[in-house]
Amino acid sequence: MTQDKEPVIGTVYLVCILTLIVGTITHICEESEFEVCMSKNNLTRIPKNLLPTTKSLDISQNYISELQISDISFLSGLKVLKVSHNRIQRLDLSVFKFNQDLEHLDLSHNQLQKMSCYPVVSLKHLDLSFNDFDVLPICMEFGNLTQLNFLGLSAARFQQIDLLPVAHLHLNYILLVLGDYYKENVREKLQILNTKTLHFVFHPKSLFSVQVNISVNTLGCLQLTNIKLNDENCQVFVKFLLGLIRGPMLLNLTLNHIEAPWKCLVEIFQFLWPRPVECLNIYNLTLDEVVDDIQVTYPETTLKALKIEHITKRVFIFSQTVLYKVFSEMNIMMLTISETPFIHMLCPRTSSTFKFLNFTQNVFTDSVFDTCSTLVRLETLILQKNSLKDLFKVSLMTENMLSLETLDVSWNSLESHRYEENCTWAKSIVVLNLSSNSLTDSVFRCLPPKVKVLDLHNNRITSIPKNVTHLEALQELNIAFNSLTDLPGCGTFSSLSALIIDHNSVSHPSADFFQSCQKIRSMKAGNNPFQCTCELREFIKNIDQVSSKVAWDWPDSFKCDYPESSKGILLKDFHVSPLSCSPTLLILTIVTTMLVLAATVTFLCCYFDLPWYLRMMCQWTQTRHRARNIHLEELQGTLQFHAFISYSEPDSAWVKNELLPNLEKENLQICLHERNFVPGKSILENIINCIEKSYKSIFVLSPNFIQSEWCHYELYFAHHQLFHKGSNNLILILLEPIPQNNIPSKYHRLRALMAQRTYLEWPTEKSKHALFWANIRAAFNIKLTLATDNNDVKTLKSQEIQLKRLRL
Ligand SMILES: *[C@@H]1O[C@H](CO)[C@@H](O)[C@H](O)[C@H]1NC(C)=O
C-alpha cells in the first residue's frame, strides 16, 4: 500500500460527511434531575410541578397550544426547551424574559402565524422552521442575538425576504423552509448572509421557481431539499445555484429529494464541474423522461467525490449504456452510486481517474468491468449487495486493476466451484471482503496471493483444505458464521495475527492451535458448540493463559454444548478430574492404592496385632448380642453368683492379681473354689455346685490347666452335657497359648472349643488389656437379681445386688 494515496481519499470522504452532520445532531432526552422528558404525553399545557432547577425540558409532540409567561418564568435555570410538534399559533418571545440562560429553543413544526419579538440574548439555537408564517419571522431584535449559531425559519411566501437584521451575525447553520413562491414578488435586492451551512427546504409539491439573490460569505455547505425540475425550470435552478456558488469556500453541495429529467441532471453536472465544489451528494433522485444520448465531455474539475444514493427511475425504456456512460466517463476520484436499479456499469474508454468506486446495492452481474483495463488507478471497489455469482469471474474482473487494494463483494450470491481454473486476482489486493455469500471450502483455492485482510464470514465453509495456496501475507481472517469444525492451523497462514471464528461448529478445538499460530494477537472464537470432554482441557488451559491479551470474547461466549449435564456451563468453569481422563493414570492409581492398602494392613498386622483386635471385637459384639437375647426370668432366683472361676494352681497369681480385681471392681459376685467351697463335699461336687449357681463359668486355660484340671470337668461334662444348651455360659480365657497337639486326644470337647476359637486370649502387651477387659465385662452386661443361699454359701451375705448396667 503506498502511504500517500490513502489519506487523500480519506480526507475527501471525511469532509463530505462531516459538513453534512453539522446542525443535524439531535440530542436524545435522558431523564435526570436536570433533564425532563415529557415527549408524547398528551399534554395541553406545560406542567406546573417542574423543579425550578430544570435545565432541559422536552415537551415535543404534545397538544400544547399556548405558552404563557407563568408557565416557564419559574424555570430560571432552563437552558434547553423543546416544544416542537405542538399546536402553538401565537407566541410572544417575551415569555422567556425570565429565562436568562435559555440557549436552545425549538419551536419547529407548530402552527405559528404571528410572533412578537423580544431579544432573548442568550439564545444559541432558535428553530422556528415548519410553521405557518406567511413571511419570514425575522425581527430587528434578532440582530442582538450575538451568540446565535443555528437559525431555523419558515415562510409560506418568499416575497418579502429581508435577512438584513441577521446579516452581520456569524452563524453556523441557517435553515430556510419555504412554501410556494410567486415570481412577481422577486426583489432584486442582494441579500447578504454569514453562515457556514445554508439549508433550503422547498415546497415538496411545487416546481422549483425560486429566483433569489443571496450572497453568502463563508458558505461551506449548501443543502437543498425538495427540488422539482422539468425541462422548463432547469435553467432557473442552475441560475439559483450560480448565485450561491459564487464564493470559493463552497465545498459541499447536497441535494435531497430531487426530481429531474435526465437531460437536466446532466446539465447540472456540466454546470457544477468547473465550480469549486468538492463533494456533491444527491439523495433520493427520481429520473424522469426518456434518456437521450447526450454527448458529455467533462472539463477539468475540483470535484472529488460524487455520491448518489437511491435512484428511482420513472422511465424504463431507454438505452442503459447512455446512462452508464455519463458516470463511467467522469474525471473524478470518488464515485458512489448506491440503491439504484442499475444493472451494469461501463468500463471507461480511456485511463480513468477513479480511485474509489462504490456501487453498493445495485443489480450488477458478473459481467461488470469484464476485461476492463482502464481502471488502473482504482484502489477501492465496493460491489456490496449486487447480483454477482461467480468468484472466478470476479477474480478475472480485477485482473487489470493494477492498483486495486480493497475489494468488497459482500452480500452477493458468490459461489466457488470453478477452482480447477486458476483465479486471476489483481496481485495488489490486500483487503478482500467475501462475507455473506455462498462460498464453500474451495474458496481457499481462489484467493489473491498477497491478501492481508480476508473477510469470509457468513458463508458455507466446513473446513480449510490442507493443500491450499499459502497465504503468507494474511494477517486478519474473519471466518465467523460458517460450519467449520476445527480451528485452522497456521501452517498455511504463517502471518495470521487476528482470527474471528465464532458461531461455527467447532466442538473439539485443537489444543496445539496456539503453538501453531504463534503470531496470533487477537481472536474471537466463542459461540461454538464445545464438547466438554477430556480433550478440551488442554485447549481451555491454553486459552485461559492467553485470554486477557488475545481472546477478547473469553470467557462469556465460551459455553459447553455437550454433554447434556454440562450444557450452558462456561468453559472457564468446566473442570474434569485428570483421573477420569487418563486410563493409564487410573490404573496406576488403583494399583498404587491397593499396594498402599496391603502395606498398611501388613504393617498393622505385624506391629499392632490387628487380627487379635479383630477377633476380640468380633467376640465382644457377639457377646453383647447374646446378652441381649437371654431370658432373664428363667435365671432369676436360682443364681447366686455372677461367675465361677476355675484355674489351676500355677495360674492363681494371675487370677488374684488381674482377673478378680477387675471383675469385683464391677460389683460382680464371684465363686472361687477355694473360697466358696462347702466342706465335706468332693471337689467335683463343689465345682458342679458352683457352676450351677453361677451365671457364667470362667475357665483360665493354660498348659498347666490342661494337665491338672480339665479331667474333672470332662467327667462332669460327659454326664451333664452342661454345654449342650450352648456354650453361652462358658468363658474361656487362654492365659498362655496351648499348642493343639498338647491337648490329649481324649479331651475332644476341649479340642472342639479350641478349634472354634471361642476363647479370649490374654494379651501380653499392656495396651491391649483394656479391650480384653471390655470383652469380659460385655459378657456380664445384664441386670441380674441374685438369690441367697445360707446353707451352702456361707460367705455370701444375704443381700440383693443390683448390677449396674455396665458400659465400656
Ligand atoms: C465486510 O463487509 C461487511 C458488510 O457487508 C462488513 O460488516 C464487514 O465489516 C466488512 N469486513 C471488512 C474486513 O471490512
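Using the three backbone atoms N, Cα and C, a Cβ is placed for every residue, glycine included.
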Can you sort out which of C423, C490 is the disulfide partner TrEMBL gives for C446?
C423
Cα separation, C423 (disulfide bond) to C347 (disulfide bond) (Å, whole number):
21
Sparsest-packed of the listed disulfide-bonded residues (C347, C372) - C-beta count within 10 angstroms:
C347
Residues that sit under 8 angstroms from C423 (disulfide bond) by C-beta distance, when 6+ apart in the chain
L391, F392, S395, L396, R445, C446, L447
How does the domain 'TIR' (639-780) divide up by DSSP, counting helix, then strand, then coil residues?
77 helix, 25 strand, 40 coil
How many other Cβ atoms are found within 10 Å of the Cβ atom of C446 (disulfide bond), counting all protein chains shown?
23
